[in-house]
Amino acid sequence: MPELFQQPYRAISPADFWSRWHQIFKNTWIELIFKPISKFILYYWPYSPKFIVNGISSMCVFLFSGIIHEYYIYVAFEKFTGDQIKFFILQGLAVCIEYIFKHQFHQIYIPKSIGFLLTFIFNGITASYFMQPWISYFVQRQAFKYSLMNLIIRILSDKY
């Protein structure tokens, strides 16, 4: 059995981050979503460029993951926010843009330290969509009323 994560905090790009994340589900998403969507596209549009086929198939994986996470939020809090779908669509777009950028401008070298910093910033910005329903829940329940976490949430968010 593979490890669940392979040090995603060391990622130097969005694609690198997701290649390190949730190793247990990786093959499932490839077999159940990515490959069937790719085959479907190539069956109806056999001359589609590889980057289009891979991009659409990848976005379908991210969309499905967003829907699954949105379902978890709905079950837990009985509300639909769309934040999980936004998070996964933005992450999927970043992976696709990275792929296109690397293939169009392969001669441009981005140092690993810059890639790490950009990935860290991007993940930090988009994480607000992923975490928002959970933060709202814990703030409303005053779960961290007298904690450092509560202070940080109140400082960083204008909603609370």
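Cβ atoms are placed via backbone N, Cα and C, with glycine included.
Here's what TrEMBL has on this protein:
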type     : residues : note
DOMAIN   : 2-89     : domain 'Wax synthase'
TRANSMEM : 51-73    : transmembrane segment
TRANSMEM : 85-101   : transmembrane segment
TRANSMEM : 113-131  : transmembrane segment
* **Three-state composition of the domain 'Wax synthase' (2-89), taking helix and strand from DSSP** => 67 helix, 0 strand, 21 coil
* In the same chain, who gets a Cβ under 8 Å from the transmembrane segment (85-101) while lying at least 6 residues past its ends? -> 13-15, 18, 51, 54-55, 58-59, 61-63, 65-67, 69-70, 122, 126-127, 129-130
* Taking a Cβ cut-off under 8 Å, which residues six or more beyond the ends of the transmembrane segment (51-73) line up next to it in the same chain? -> 29-30, 33-35, 37-38, 41-42, 79-89, 91-93, 95-96, 99-100, 103, 130, 133
